[in-house]
Amino acid sequence: MLLKKSLSALLLGSALTATAAQAEVKIGVVTSSTGPIAMVGTSQKNSIPLLPASAGGETIRYISLDDSSDPTESVKAFKKLIDEEHVDAIIGPSGSANAMGVIQFAAESGTPMLAPVGSAAVVLPMTEQKKWVFKTTQNDDLIAKALVDDMAAKGIKTLGLIGTADPYGENWSLVVAKLCAAAGIKLTAVERFQRQDTSITGQSLKVLMANPDAVLIAAPGSSSVLPQTTLKDQGYQGQIYQTHGAALDPFLKLGGKAVEGTILAASLMLVIDEVADSPSKTIAADYMQRYNDKYGENPATFGANVYDAGLLLENAIPAALEKGTPGSAEFRNALRDALEQTNELAATQGVYSMTPEDHSGFDERGREMITVQDGSWKLLK
Amino acid sequence: MNFQIAVLLGQDGVTNGAIYALLALSILLVFTVTRILLIPLGEFVTYGALTMAAIQSGEPTALVWLLLALMLIDCALDLRLLVQNGFSAHRARWIGLKLGYAVLMCVLIQTLPLADIPMFAQVLLTLGLLVPLGPIIYRLFFQPIASASSLVLMIVSIAVHVAMVGIGLLLFGPEGARTQPFSDTGFSLGPVMLKSQTLWVILVSVALIVMLFIAFERTLYGKALRATAVNRMGARLMGISPVFAGKATFAMATFIGAMSGILIAPITTLYFDSGFIISLKGFVGAIIGGLVSYPLAAAGAVVVGLIEAFSMFWASSYKEIIVFTLIIPFLLWRSLTSHHVEEDEEE
């Protein structure tokens, strides 16, 4: 009985504090800092303390949850944030599959969701539910276009593709097939592998037999290294292209000499010292500096995707505050509208200009052509 | 498909097959002696590879703290026993020895110029860090429930596996790693280049298998383990300690697992969660051997490696499906031909 009483008193107390603190904007952040995609999630979780602390005169409180890379856990985390915490927006989750699973819950509750994930499927094709989703990464086709343009310029006629047997590799092979057909490049070999494979000899031999002018490897993170080292070991001489999935420092460390001369298109953060001055460069340099001060290492691009989500919200919150108070449905609605009207907002990854059709909002300022030279990233000239 | 490609794929298949064979033998060994399906075996492979990679890049690996922590828990349990059962100089000395070993490892890892010492010493250090984990894990998680049903043992085994994957992420981070090869030279065999690391893998695997064979055929301890595998109760009546048998097999399995990791780390990128798939393929090999026959298990594992290599050439998207579907006909065949003897469910 006593327990019950004190419990209800406690509940009452917490309800009171909740009302008192209602003025602040609550943002949920769901990352995968454990489990198979921890590589992506760790730098994202680390970036949360660097996110803007206030916007439009209101403090922003971030509530961070981990989904251990499990799509079911992502859904649970979203429901918790929406039903219990009554957040105004959610940044996350880290994985494409995780993001696909939570869209309907964000849409049903009318909570804007900023997904720092690779797959364009979260915002394309635009539907009634995906209206609530914004994506802070470059769409695959934007990066692929840059690569295929470079291939065409170099006079490459045939291309081999080695991709992972997951949504990342699948989407890339679709996008590349379309662009190559338009550019008159023939796809002569398309092979698949699993991230954890300990050997890619078979796939690599198959590609070698087709002997294409260039090979594109579409794999996220460190798994992009093994196909390339295997190809080099077997004596492949042509040009090797990588996607922005490889744009991580471990790629250089693991690949060593075998990745010299690789061409990829990715975020300007890799070659921050070389790119021409731009608003994005200033913001990215500042973010990298603060991250480095706090953790003693450079952030992976994934972290910057979460940081950009924070900047988008910071930009949209003042407009939304005019329409409603944080915690209300009007505020969330207004926040969504304001996010959709984002115009020419410079952030670490490029410049965002959202439209009702395009919830990713990048143009060619969101990518740089990069190559590997003497074991480090260099701007391709 | 020409001869050269067949040789390259065959080389790849035999290399992986040799590793799967080692793992199949460890799984079999642990299963027959303790009835535990050693699911965390794959984690010893990745721990071995990732520790080696950390040492080579000169980082004092955090694994040493895990060793120290587990050793402290182990010794605390020993101390409690000592208090309960009365003081014995032999046991007390043993506790001191174990603690001393863990502290020595900490000191070595913190002070040695890890990146610069010879590769052989790096391998020894990696094994020195990892092998004691096996018996401690047995002591902490399996010894108290040693007489539980196989199913309970397997569930605990899965729990240990999940915990070790999580700890692996904490210790080594989410990025993959690979290590320097033992030597850079290659050998040409006709038109085909053989990588020296491939030869290392095969040589060391064969050597380990031969050593296992000799140990089990010729030494008293090996015979004791074999006796335990044949009949646990009988062996116990003959004075063979089941605790000793459990710890010894776990030490051996850890050694083989870590060694496999060190062997393949220069050829491939390993992640903190790569171990499961690798040991699962060893498990397929062990199943082919019916979880009783060592030569059949080893042969089965090599077949798994070869099928894997050729299927990734012919149909890369379906490779895993082909490899794991393999287990079904063998299970069918075994359940049709072998007559079931349930010998250990009587407790």
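In case you wondered, yes, glycine gets a Cβ from its N, Cα and C as well.
Per TrEMBL, the features are:
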| type | residues | note |
| --- | --- | --- |
| TRANSMEM | B:20-42 | transmembrane segment |
| TRANSMEM | B:62-83 | transmembrane segment |
| TRANSMEM | B:95-113 | transmembrane segment |
| TRANSMEM | B:119-138 | transmembrane segment |
| TRANSMEM | B:150-172 | transmembrane segment |
| TRANSMEM | B:198-216 | transmembrane segment |
| TRANSMEM | B:237-263 | transmembrane segment |
| TRANSMEM | B:283-306 | transmembrane segment |
| TRANSMEM | B:318-336 | transmembrane segment |
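Contact counts against the transmembrane segment (B:62-83), taken as Cβ pairs under 8 Å, peak for B:119-138 among the stretches B:20-42, B:119-138, B:150-172.
Take the transmembrane segment (B:237-263) and the stretches B:20-42, B:95-113, B:150-172, B:198-216, B:283-306: counting Cβ pairs under 8 Å, B:20-42 has the most. Segment contact is absent for the transmembrane segment (B:283-306) and the transmembrane segment (B:150-172), given fewer than three CB pairs below 8 angstroms at sequence separation of 6 or more. Long-range contacts of the transmembrane segment (B:20-42) within the same chain: residues 137-138, 142, 146, 150, 153-154, 157-158, 160-161, 164, 205, 208-209, 212, 225, 228-229, 245-246, 249-250, 252-253, 256-257, 259-260, 274-286, 289, 291-292, 294, 297-302, 304-305, 344, each at least 6 residues beyond the stretch ends and with a Cβ under 8 Å from a Cβ of the stretch.
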